[in-house]
Each structure stands twice: as structure tokens, then as C-alpha cells.
Amino acid sequence: MGLFKVIFTAVAALSAVDAAELLSSAKSKDIIPNSYLVVMKDSVSSAELDSHVSWVTDLHREGVAKRGAENLGGFKHSYKINGWHAYSGSFDSETLASILDNDKVDFVEHDRHVYISGFVTQKDAPSWGLGRVSHRMNGTRDYVYDESAGSGITFYGVDTGIDIHHPDFGGRAVWGINVVNDTKDNDRHGHGTHTAATAAGTKYGLAKKANVVAVKALNDYGAGLWSNIMKALEWCVNDAREKKILGKAVLNLSISGGKVVAANQAITNAAKAGIFVSVAAGNDNQDATNKSPASAENVCCAAATTIRDDKAKFSNYGSVVKLYAPGQGITSATPNNQTGVMSGTSMAAPHVGGVGATLMASKGIAPAAVCAELIKMASGPVLNPGANTTNKLLYNRSGK
């Protein structure tokens, strides 16, 4: 009997050690109660994920019957991105405990809110970003660029939606998907249209011939859930694969929130699938190391400069920043055939995405190599870039 107790205790201890971890989060205000992102181990196959999801669905159903957890929706969505597997759902504590104890699960994380990284400053002010990224020296508004202008490249704007009928897109924009419940297939906020036109507008954009796909993952107030962002990423990868444009696609994330490991992994795997991903550093004037998507691997993280080539006072900084780009007082298209001026690292990121698209079109550079090439091409120095931060400024190597 004593031997049995010893063995039982050892097995129980081993089970506890092997249990998946529920990652803690420093900022509780962004957490969605009882909503989780569940990431599977690398060895788990697509079929095994499907089987696991069936088990979780049954487990949740039993929990509702026993404990009356009707207010929790259970399983929501599974993610399959370039061999990476995860799912989201709302579960009670007992169901969560069973999930954590499942040997297929790597870790679990709270789903959290995420927000745009830009804000409106004024309407119809003069633009300067295009001229700045096409000249080594400051002081000119002429935009000089390779004639390919992103031709053959597709830009996915994962944002508040895009006004695809805006004349600045010249008929090159199409609607992709809306993953936000209770919203229409349009851009009532303006942020998504502005960032997409900064990257690929005919007048206001850098990659003037690129195709544009609207992917609505944020609501009409510029806020969203990481679980929806991940769903949008999965759709983009699948869409690019179906259209055979992996290797010729750019995806922009002008959003920021607290660091979410599951989201970072989803973004990284989207990049590894064959998409150049430009992201915003965030607007908190702090180190972006603890921010997502800025801290994700295999992305090109952009911080924001002013017209004077200094760090914008709101811009985040830190070692994860790959480049600075224009981000204060940027004029671009807004819904209903309008234009407007916005500021933020949200505006810096599509500058990087747009120049990246032109580089891919003109030089045939693979998405995985684009950020390193942009760093090599960069000008500067940016003034007062922040601690442990590059002083390199985005430049398209126009020769000017």
C-alpha cells in the first residue's frame, strides 16, 4: 500500500509538471474574462487539432449541463497557419483546468483587446511622407519611385476595413473578409482606408500599382480582439495560397496592445508562409518589447518620425524596432472620397509596407528578406530615437 501511494504521488507530480501553462498578463484591463487562446504543441497535426476541438466541445457541453455555464460560448475558432495550430473559446475554470492538463496543449493565454495605433489630427493638411522616404536628405516633397510601383504585389490591410470604392485605389481594391460580429463590410472609422492608401493609393501611396484587399478585424471604433486578428491572419494566408501569391504579398498591422505570445506566433507563421508583414511599434512612448505585434519575430516593426526627422513624441521605441518611418501629420485617403491627416506608428507601418511592396516588385526579393534589405537601404540618422533603438530612417533608394 505504501508503494502504491509513492507511485501515485509521483505520477500526480509528473502530471502537474507536464501541464500546460496559463500565461499571466501584466495589464488586466485588456483581458476578456473567461476567453482564452489555446496553442497546441508543435508536434500536433491538423487532424489532431480537430480531434482535440471535438473533445473540448464535448467537455464544455458537459460543463454546461453540470455547472450551468450557459453564458460561456465554448469553442469559437480554430487556427491553422503554416503548420501552427491553436484555437479560441470561452470556458469555465473546470474546463480550463482540463485543457491545461491535456498533453497536446503547449500553453493557454487570455484573449485580449487590441487597438489601432493612430489618431486623427486635422483634415486636409499638406503631406510630406512620400517625399521623405524617396530622398536621403530632408526638405523636398517630390516622390521619386521605381516605375514598377508594387505591380503584381497584393497588400492585405488588416484593420477597420477599407473604402474599396475610394478613387485613390483606382479600382485595385477588393473586399476580402469581415471577421467582426455586428459590423458592416465597410470602413466607418477611416483608419483602415488611410493606412491602405498610404501603402498603395494612387495619389497618397507608395506602391501605386499594388492590389489591395480589405480585411476587417477591428470594429468601427478602432478596437478588436486578438482572437479575431488571428482569424484574419489565417484567412489572409489561405487567400494568398489559393491565389498563388505567397511570396508576392504584404500584410500590414497598424495595431498595438500588450504582448500576447499566441498572437505573436500566429503573426510569425503568417510571415513564414510567404508574406511580408509590416507592423506598428505603438504609441505609448515606451519600449515596444512588451507590445504585440511589435515584439513578434519575422516582422518589420516601424516607429514614427516627424517632418524634422526626430522621433515622434508618442512613438514607442526599443530593440524590436527595425526602422523609423514618417508617422506624424500624414495625409491620405479616408472614406467617402475624402482625405484626412492622421498621426501614429499606424502611419509609419504602411510606409514600410509600401516600400517593401515596391522592392518586391522591382527586385523580386522574397518576403523574408525584405526587412533586412530595407534596413540596408535606410538613410538617417533619426534624432533622439530612444534607448537601444535604431536611428535608421526608411528610404526607397531612389538615388535622390
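Heads up, the Cβ atoms here are built off N, Cα and C, so glycines get one too.
According to Swiss-Prot, of the candidate residues Asn138, Asn290, the site noted as N-linked glycosylation site is Asn138. Across the fold, the C-alpha of Asn396 (N-linked glycosylation site) and the C-alpha of His191 (active site, charge relay system) stand 24 Å from each other. Restricting the average to the domain 'Inhibitor I9' (35-116) gives a pLDDT of 93. In the three-state DSSP reading, Asn337 (N-linked glycosylation site) counts as coil. Taking the Cα atom of each, Asn337 (N-linked glycosylation site) and His191 (active site, charge relay system) are about 14 angstrom apart.
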